[in-house]
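K.L.:
This is the structure I want to talk about, given as structure tokens.
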Amino acid sequence: MARHIMAVCVVCLLCAHRLHCQDHIESLLGPARVTTHNSQDQLNARVYTNLSPSSETTDRRQQRSASGDDDTFNYSISPPSRREKRHAGHEHGPTSESRVPQITQYYLEKLMAQDELMNSSGFDGLLQQLSLHSLASGASEGTCVPGSRLVHHVQPHDHHHAHHHEEEDHSLQLNNCTLIQNGTTSNVICPSLPNNNTHPLGKEAKNFTLSDKDLLHLCPILLYELKAQSGGCIEPAILSDIDTTEELLEAEKDKDIFYVWIYAFISVFACGILGLVGVAIIPFMGSRYYKYIIQYLVALAVGTMTGDALLHLLPHSLAGQDERGMIMKGLGCLGGIIFFYVMEHALTMISEWRKSVEKKETKKPSRAKVMRDPDSSVNNSVAGDKICKQKYSSYPYCYDEITMNNKQSEWMHLPFDVAAGAGGDAPSVAELRNGVGDHDGSNDMAAAAESLISPLHTNCVEMNHHNHNHKHNSHQQNHEGQDSNTIVTDLDGNAVYAVNKAKDKDSRNDHVTVILREHESSHHGHSHRHGHVHSPPETLSAVAWMIIMGDGLHNFTDGMAIGAAFAENIAGGFSTSLAVFCHELPHELGDFAILIKAGMSVKSAVYYNLLTGVLSFIGMIFGIAFGQSQDVAQWMFAVAAGLFIYIALVDMMPEISASHKSLGQFLLQILGMLSGVGIMLLIALYEGDLMSAFGTAGAASHQHAH
């Protein structure tokens, strides 16, 4: 309704400024005579109907254009500078270019005299022509509000600073203005303000400029003054009441900021505390239901993160944008996706560089253990069983043997007696190279042995040295005569070792663990299998460093998204917090599992998870601080939407797409994704009601805009 009033207001304002409305209607309708009973219908028809340029002759149009009185929609002569927008309805107010009707924009351009801004002298001239002399600067002599103060209230300003200078003058004003009517004229007489020959807001406030949006804001005020026939005299007490209302709204905003910090802190704390959940689920990791629960949680995270990105973050980032602004916000979303891709791969490259440096500084081991990974894609491809292999983890594989402290020293003891080992029952290195073995997989083991022994293949295996102190001295003495260069494997439960005649007492306890992993890809009815060597993490410090960097990056961006969402409105903040919570649950479980399987204690794993959670609070502070600006908040929403889309579709979607062997698993994953999308959809649809429930100051304006 307000939009239509503004459209008519601009037309009437132009009519009063240029010529009488009756003459204007006659000029629009050409030679047709306008009668009293149908003038209103013809005016409405002209306002809401675009007449064809052929309704007037070419000579008449050119004559009117030359005289400067061309008030028709003669786009064939001077087309409007603004073209129609393909998108509308993205602004939370009636002043957006995408919501301004074409007729309003056309007359605004004529009022602005083809300039983008109207200066103070031009506005005073407009007030004089409208017979609103009391609003003209210097004409009120302190009895009425001057036009400069009126402009100050419709333009963005520091309310607290202005109110500090005005409240003393307002306190001297009495609410006993009288209306004096003399025939057809009316004047309002109010008590005079102290005349100090100085504008209450300063001399600089007398010189101002008006944009087309400012003029739209002033139109209802000017139209009301024309209707009241008061000569444009606005009581100062009215502005005093308006200032009081604005002050109350500012106080409500300050109160909302307090709750924004509280809710954001609670949300980030709830997401960060999920690192402790890993301690509680340790007894249930071996349960048959664990992998199904993880699959549902990962699918739920995919639904919530994509839903929050597409149903909440992106719509808010595009609100009130013109076509160019929408394109730039979409570019920001793409930038978030590319940024996260570059950062993840940069961390991987740095990790590989660190391991290569450590490998060069470490001597080659004298013993090596070669084993087949029981969790390789050939043996097991269920995502629930590979939860520690998700892309969030610092290392993509689990190393069970590292944590088997009770078996770390046993694998070095040869399963055969000394005579058997010395007598040649065990295959030699040469036999392994030739592919001789008594079990399947010896060729793979031989290749690994070759890579360990040959200096040309030292870059194929990364070394992990362990120094073991054996408690049984007699047992060590029995094996003291064994060869110091031994390769052992547990492929399919069998043990294979290679003997070298060189003996080195000092290096007999140095060894390296090598993991053989077979990968299989199936498509079009056939499959391909290949195997290569993986190594466990070099040191626990490398694992901890990668966890802090990778997980810390996720937590910082999550905290920033939560802070910016709460700064925009509390309901949207809870929507983003729920999406982050659903994403963090399987994420933290995966990080906790990789730390435990890398040999860390439970206490250390919890410490590292909580340490990375601190970055969430830092991101939250950045989000709330910069989210106070609407423009900055929209950019943050666009980038956060890109980050959420990348995490959901690149990091988490492969975890569930790789495990849909059974119909039950497929239905469970679909249920999780639909649940996440449904939750985000409900929050997006009823966001205004949620804002009202939390009592935010912007709830009323938000609901009014929609």
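Using the three backbone atoms N, Cα and C, a Cβ is placed for every residue, glycine included.
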K.L.:
Looking only at what Swiss-Prot records, are MET560 and ASP631 on the same side of the membrane?
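P.N.:
The record shows them split across the membrane, with topological domain names that differ.
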K.L.:
Going by what Swiss-Prot says, which of SER39, SER356, SER377 is noted as phosphoserine?
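P.N.:
Out of SER39, SER356, SER377, Swiss-Prot attaches the phosphoserine annotation to SER377.
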K.L.:
Looking at SER55, SER376, SER507, which residue has the phosphoserine feature per Swiss-Prot?
P.N.:
SER376
K.L.:
Name the residue among ASN119, ASN379 that Swiss-Prot annotates as N-linked glycosylation site.
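P.N.:
Swiss-Prot records N-linked glycosylation site at ASN119.
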K.L.:
Name the residues of the same chain, 6+ apart in sequence, whose Cβ is under 8 Å from the Cβ of ASN207 (N-linked glycosylation site)?
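P.N.:
Sequence-distant Cβ neighbours: ASN119, SER120.
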K.L.:
Thinking of Cβ pairs under 8 Å, which stretch from 262-282, 293-313, 330-350, 632-652, 666-686 has the most of them with the transmembrane segment (605-625)?
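P.N.:
It is 262-282 that shares the most Cβ pairs under 8 Å with the transmembrane segment (605-625).
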K.L.:
Determine which recorded stretch among 293-313, 330-350, 666-686 has the most C-beta pairs below 8 angstroms with the transmembrane segment (632-652).
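P.N.:
Maximum Cβ contact count belongs to 330-350.
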K.L.:
On the 0 to 100 pLDDT scale, where does the topological domain 'Cytoplasmic' (653-665) sit on average?
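P.N.:
Average per-residue pLDDT within the topological domain 'Cytoplasmic' (653-665): 77.
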K.L.:
Indicate whether ASN207 (N-linked glycosylation site) is helix, strand or coil by DSSP.
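P.N.:
Going by the DSSP assignment, ASN207 (N-linked glycosylation site) belongs to neither helix nor strand, so it counts as coil.
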K.L.:
Using DSSP, how many residues in the topological domain 'Extracellular' (314-329) fall into helix, strand and coil?
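P.N.:
Its residues divide into 12 helix, 0 strand, 4 coil.
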K.L.:
Counting each residue once, how many in the topological domain 'Cytoplasmic' (653-665) are helix, strand and coil under DSSP?
P.N.:
8 helix, 0 strand, 5 coil
